[in-house]
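A.B. asks: As annotated in Swiss-Prot:
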BINDING   Ala332, Pro333, Gly334, Ile335, Lys336, Gly337, Met338, Lys353  ATP binding site
ACT_SITE  Asp388  active site
Amino acid sequence: MAGSFVTTLNDPRAFDIAQALLDGFNRHYKLFRQTSAEAKQRFEAADWHGQQRAQRERIEFYDLRVDEAAERLENEFRASSLSEETWQQVKLYYIGLLINHHQPELAETFFNSVTTKILHRSYFRNDFIFVRPAVSTEYIENEEPDSLPTYRAYYPSRPGSAEGLRETLLRIVDNYQLQREFEDLGRDIDYVLQAFRNQFGDVKLSANFQIQVLASLFFRNKGAYIVGKVINGFRETGFALPVLHNSRELLTIDTALFGEDELLLLFSFARAYFLVDMEIPSAYVQFLRSLMPRKPRWELYNALGLQKQGKNQFYRDFLYHLRHSSDSFRIAPGIKGMVMLVFDLPSFPFVFKVIKDFYPPQKDTTRELIQSKYQLVKTHDRVGRMADSLEYSNVAFPRQRFEPELIEEIRHFCPSLLEEEGDSLVLKHLYIERRMIPLNIYLQEATPEQMKHAVIEYGNAIKDLVAANIFPGDMLWKNFGVTRHGKVVFYDYDEIEYLTDCNFRKVPEPRTEEEEMSGDIWYSVGPKDVFPETFGPFLLGNPTVREVFMQHHAELLDPAFWQGRKDRIAGGYVHDVFPYDPHKRFRRPLGLGFGSLDAEAVSLHPASATTQLGHNPI
């Protein structure tokens, strides 16, 4: 039936099913948007635990609504028994319902999510689901009188005058109507104004000089971000202004970020999703893409918390790449994992990870436990140090594109997840992550200067994870990767734990000569016990690496460091981890602003570690 097309919409059930599907999506997006909009009140109230909880729970909304919709279709329409012709009509009616919809691309993805739970894999083609988008997202506008525009444009009253620009910047901040006082907004605007001068220098202002700012704030963890761009002539420069609470519980603008590189760091795939109140998400993506043209649309949808849309868009990009490439999938280079089989396509900058059916004795785990660890990372604050992953089910690959060694590897380690259907290999479950250079390989090939800064970055990554209440579990170099821009990121999650669930202990003193000389562990070890003093022999065999590590991160071998961070988090403290180099922060007079926070932030992130290893963010 491929390629056939219904010419008559004659099944009344098809319209009712389409309407039920759209009702399910509209309910989902209403709840999604409500949670995102409430982020402003949580930020104003400094409700950091509430903000983190909302970020976690919002991720779960989508699957709940999909399950509800699938159950309704089965109960009311016996959806799984309907004919192919009826399902084609359902899609056509659904397209008609989306003509004036403000989130048509999200609604199409929701349609796919529900119908693929009901229909057999043979239906997974464009006749029945949205393999390709059907409704344009260009130039969608909300025509309602009281609606907010996607962005506001500001024209400084006296171009070339510092006073005119200053008043404009004050008005930009004031228009967000934050219900908490700034410590000194005038002072902060002066800092921003100076940052603008430093960025743009003595440029001639064109007739079209303007500042465009997205109408909603971007909330994540303890920060709110004003995101916009400066247009002057043919030049457009993106910027972001982070607004934080200081130690006096007043607001301050912490810094000004400019240009694609700094915004890429803010919107990194290794960070938690933003909470943003959006009526027309495609318009936000289009605006953000103008600030970061190197960032694909699917990553921007992810960053906005619309990870299912990002996942759908990514898969379309992958199929397009597959069609226009000819290289073969292979076993990924590097040390093979004990719980994951990893493969890649050399021409495609991602890796595919499949959970094995069995594990060596030292890995006391299960498939369900491993999947729960990946879900933990998905819903947790990744603080720029844990790679986001895309989870897929029932993915069909062309058999002829697989190297024979890879097929045999999958047959051996993952037989329960493999279906061989003619020319296709179907994997029932897998994760896809961005490809990085394993840190152990990077260190082997690095120059002395690169090695030094990679080791510093490695320690910074662990400290950032600790600040987010994460203990990596297995801290070996091979479980960390270096991105193409030099950032060190953790990507092996099967042993990850909450820091507050671990018991950090000092190695006991031996009581006898036999215990002192024993090559075995003679003291008792509980299931969540961790002995930081024992990290050294596994990590620091290279004398040069050891010297750098001990100079910058010796405290990681001290149980007191870990226990101190654990106690503070258990006491309710939410650490600050900044998505920009701390040396970029505005420096305020002594006694004002963040107080001791400045010292802690700088000690966690030596500026040279990131600027020397790679000046670009992830």
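Placement of Cβ uses the backbone N, Cα and C atoms for every residue, glycine included.
Quantities reported herein were computed from a predicted structural model and do not represent experimental measurements.
Locate each feature and note its surroundings.
C.D. replies: Secondary structure from DSSP puts Met338 (ATP binding site) in coil.
On its own chain, Asp388 (active site) has Phe269, Ala270, Asn302, Val377, Lys378, Arg382, Glu433 as residues at least 6 apart in sequence with a Cβ closer than 8 Å to its own Cβ.
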A.B. asks: Under 8 Å Cβ-Cβ from Lys336 (ATP binding site), six or more apart in the same chain: what's there?
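C.D. replies: Within the chain, Lys336 (ATP binding site) has Cβ neighbours under 8 Å at Val342.
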A.B. asks: Looking only at Cβ atoms, how many others are within 10 Å of the one on Met338 (ATP binding site)?
C.D. replies: 14
A.B. asks: Between the binding-site residues Pro333, Gly334, Gly337, whose Cβ has more other Cβ atoms within 10 Å than any of the rest?
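C.D. replies: Within the set of binding-site residues, the most crowded position is Gly337.
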A.B. asks: Which residues in the same chain, at least 6 apart in sequence, have a Cβ under 8 Å from the Cβ of Ile335 (ATP binding site)?
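C.D. replies: In sequence order, Pro438, Asn440, Lys478 meet the Cβ cut-off.
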A.B. asks: Between any two of Ala332, Pro333, Gly334, Ile335, Lys336, Gly337, Met338, Lys353, the residues recorded as binding ATP, what is the biggest Cα to Cα distance in Å?
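C.D. replies: Farthest Cα pair among residues binding ATP: 14 Å.
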A.B. asks: Just counting, how many other CB atoms are there within 10 A of the CB of Lys353 (ATP binding site)?
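C.D. replies: Taking every protein chain into account, the count is 23.
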